[in-house]
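Positions annotated as transmembrane segment by TrEMBL: 7-24, 30-57, 77-101, 113-130, 142-162, 174-194, 254-279, 315-332, 353-374, 380-402.
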Amino acid sequence: KIFLSYLFDYLIIFVSTVFCGHLGKVELDGVALATAVISVMGIGIGYGLSAACDTLISQAFGAGNLHLVGVITQKAILILLLACLPCCAFLINTESILLLVGQSPEVARVSQLYVNIFLPGLPAAFVFIIEAKYLQNQGIIWPLVITGVVANLLNALINYIFLFVLDMGVPGSAAANTISQYSLAIILFIYIRCTGLHKHTWPGWSMDCLQEWDSFIQLAIPSMLMMCAEWWTYEIGGLLSGLISEVELGAQSVVYGLANIAYMFPIGFSVAGNVRVGNAMGAGDVAQAKLSAKLSIICTNIGANVFFPSSHRDITMRVATVMVLFAPFHLLDATAVTSGSIVKGLAKQKIGAVCNLVGYYAVGFPIGISLMFAAKWGIFGLWTGLLISVFLQSVFLIVLLFKLNWNKASEEVRNIEFPSIKS
């Protein structure tokens with residue numbers, strides 16, 4: 001269910017890009033770059049900051065403090081809406097940034113046009129993310145799947161009307177994406193209200209949501225760094241591959257696309273592990289927390305071995321070469337992702353952030369770039385560096401979880417939930 005909910009969320013932007021395929025190469029490249037920038041410096045920031053909810057809401061719910069679940073959700077909504085401002089400040093300079101890294105003026109102009117029209121949809125995207133976290137950390141998943149199905153059908157219909165009936169071009173695609181973000185947030189809100197899912201955990205807007213933001217932000221910033229450190233690496237790798245040749249860029253796009261799809265499989269186990277560990281730690285059930293952590297890692301590895309992407313011929317030949325690395329990379333990445341989610345359930349985001357930053361930017365990425373350019377390995381060198389990175393991360397996080405004093409961690413966890421409003 002979690003896999004499906006994340007897949008449908010991913011498809012909103014993917015389908016919008018696909019509909020632009022008939023507009024022309026410049027338009028398609030511009031839209032693809034725009035959606036990448038929006039994902040990394042917009043929606044990705046929202047997902048990263050909201051990961052504090054994976055610690056706080058799951059633990060509050062596990063402890064039976066249902067009032068606190070609502071207060072944390074309100075706090076998250078306010079903080080993420082404020083976070084829209086710096087994100088928008090970056091996004092309105094997309095064209096200048098793309099020109100700075102060597103993109104053609106035509107493509108950069110199209111990207112900026114798309115981003116400008118999408119900007120009003122960013123707050124809606126952030127609100128939907130918090131709604132999803134609110135339900136997810138209570139173990140309620142089906143509403144997210146249902147909302148995703150309905151929103152994707154609307155997205156496809158709106159894209160068809162704007163691009164093929166009204167012939168609005170790139171502005172139509174961006175407007176369709178913006179409307180789809182609002183449809184996600186509004187449909188899920190209506191579902192929650194109509195089914196009464198909020199009755200036990202939403203006390204109404206409270207002044208408590210304005211208190212102790214530092215407790216939330218201390219978890220939100222490291223959580224964002226954990227996620228974005230990885231995300232930024234792949235996007236930078238894509239830009240660098242374009243400096244070598246179009247074949248390398250095309251192959252990197254295919255492999256990265258496969259990596260995104262493959263990532264959806266372990267994400268279900270990682271979120272489930274995060275929620276179950278957080279619930280158990282909030283309830284003080286250390287044995288259940290340890291069992292949930294072990295099971296989620298085992299299930300992730302089984303699932304990662306089941307999924308093995310096949311390669312198809314100039315670009316496909318290059319993709320086939322990189323596929324040699326992809327199977328072990330996917331297994332290790334899945335392990336690192338799930339272990340990282342468990343770390344979030346234990347409120348150890350700072351350790352996870354340091355692990356990811358060191359793994360990618362101090363070790364893996366420098367090795368990858370050296371092999372990519374100095375050794376002339378191309379994207380094979382890049383993915384070799386990334387493989388080393390996820391290997392180090394997965395080993396470090398697994399050792400951390402096995403060496404952890406879970407009883408002490410349980411006490412620490414229950415002391416961070418906004419002491420002045422715990423009751």
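Quick reminder: no glycine exception, Cβ is built from N, Cα and C everywhere.
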Q) Can you name the far-off residues of the same chain, 6+ from the ends of the transmembrane segment (254-279), with a Cβ under 8 Å from a Cβ of it? A) 1-3, 6-7, 10, 54-55, 57-59, 61-62, 136-137, 139, 234, 237-238, 288-289, 292-293, 295-297, 299-300, 303-304, 306-307, 309, 315-316, 319, 322-323, 326, 329-330, 333-334, 337-338, 340-342, 344-346, 379, 383
Q. Among 30-57, 113-130, 353-374, which stretch has the most Cβ pairs under 8 Å to the transmembrane segment (380-402)?
A. 353-374
Q. With pairs closer than 6 in sequence left out, are the transmembrane segment (113-130) and the transmembrane segment (174-194) joined by 3 or more CB pairs under 8 Å?
A. yes
**Q.** Spatial neighbours of the transmembrane segment (77-101) far in sequence, C-beta under 8 Å, 6+ residues away
**A.** 33-34, 37-38, 41-42, 45-46, 49-50, 107-109, 111-112, 115-116, 119, 122-123, 126-127, 129-130, 209-210, 213, 216-217, 220, 239
Q.
So if I exclude everything within five residues of the ends of the transmembrane segment (113-130), which remaining residues of that chain have a CB under 8 angstroms from its CBs? That is, six or more out.
A. 30-31, 34-35, 37-38, 42-43, 46-47, 50, 53, 73, 76-77, 80-81, 83-84, 87-88, 91-92, 94, 170-171, 173-175, 177-182, 184-186, 188
